[in-house]
Amino acid sequence: MWSLNTPDIRVTTQIQGQGSIDPSGPQTVPWNSTVTFTAHPAAGWQLDSVTAGGQPVEVAQNSFSLPALRADVALNITFRPLPVQLQDPDTQVQLVCPPESLPAGADPAQIHLQVEPVDRQSDDWNTVHTALADRADQLVAFDIGLYLQDTKVQPGGKVQVSIPIPAGFDRSRLLIYRVEPTGDLVQYPVTVSGDLAQFETDHFSYYVLIQQAAQSPLPAESTLYFADAAGGRVLARAGSAQVQSGQPLPVGTAVQFTAVPASGYQFSRWQVDDHAVAAGADGTLTVTVTDGAQTVTAIFVPAPTGGSEEPTASTTVPAGSGAPGTAPVPTGDHTALPAAAALALVLGLVLGLALAAAVPGICRRRAGGPH
């Protein structure tokens with residue numbers, strides 16, 4: 001009688017984040033068996049991923065299985081915080097903040113949203129109204145702020161903002177603008193979800209939802225192209241928003257470029273469409289988006305190493321190549337003759353050649369020749 005002894009299978013688990021699984025701890029199960037686990041995220045957390053032996057495991061409603069186990073396996077379960085959802089009770093403006101957008105180490109319970117309407121009674125109404133008067137039939141404006149306890153903070157990444165759409169607004173003509181204190185405008189793509197106009201941003205300031213003026217076309221867009229070059233990087237921003245090469249931007253948007261040299265290099269100059277342009281006093285360059293695409297280039301050059309002298313021109317005549325009656329130019333370090341001495345040397349050489357030419361020849365009769 002033959003019998004087959006099969007080994008038991010050991011399942012170990014490692015958990016990252018806040019949560020647990022059931023069954024918990026290391027498991028020893030029969031060979032070729034299937035084990036089912038259920039994940040239990042802690043409050044404010046969610047199950048993010050599960051791997052077994054480094055391979056992803058399919059999860060459905062926080063439950064997953066390891067079928068037909070025939071070898072020991074290590075489980076890795078990762079939980080991550082849920083996005084923080086905030087709403088201003090008066091304006092109904094909402095935020096959805098991914099965990100990575102919150103200040104490092106911040107307790108989500110200490111984060112709150114503060115929204116102030118910007119209307120005709122507000123000090124900043126003139127700034128907002130003047131910036132958008134020729135673009136909007138109707139508008140609603142808000143000063144949106146994110147606070148950690150009593151300190152106003154900016155998000156560390158993209159957050160989703162939802163603004164209620166007022167009654168009477170034409171949803172096919174909605175636009176979102178950020179208005180800087182200077183009056184500069186930054187336009188954001190807007191999507192409509194139910195009764196909300198939604199957009200993403202990584203900077204809080206004055207935000208305005210407008211109904212595009214019927215008589216004005218949608219703002220034309222164009223692009224600026226740029227790339228990191230040998231010796232450094234190029235950074236671009238419109239207001240406080242980072243700009244990517246080739247990103248569509250409304251015509252008239254002012255984009256500031258900054259050149260960041262790599263180690264051993266220094267910034268030299270800017271070019272726009274292969275034409276040299278002057279940089280600002282701080283070395284930055286501001287380019288306004290026009291109807292046609294433009295290419296911005298930063299030129300970097302090797303930084304001086306110090307201690308080197310400006311090279312001087314010299315001539316070397318190869319050995320044996322000089323003309324008859326001339327001396328080869330010595331190679332290596334040498335000191336140039338003063339001008340007067342050089343002239344005397346040349347005159348002496350010419351005079352010597354002339355005298356040699358003037359010496360009469362001596363005629364000798366060849367043997368046997370006529371006398």
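Glycine is treated like the rest: Cβ placed from N, Cα and C.
According to TrEMBL, the features are:
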type	residues	note
DOMAIN	11-76	domain 'Bacterial repeat'
DOMAIN	238-302	domain 'Bacterial repeat'
REGION	302-331	region 'Disordered'
TRANSMEM	336-359	transmembrane segment
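Counting residues per DSSP class in helix, strand and coil order gives 0 helix, 37 strand, 28 coil for the domain 'Bacterial repeat' (238-302). Applying DSSP to the domain 'Bacterial repeat' (11-76) sorts its residues as follows: 0 helix, 44 strand, 22 coil.
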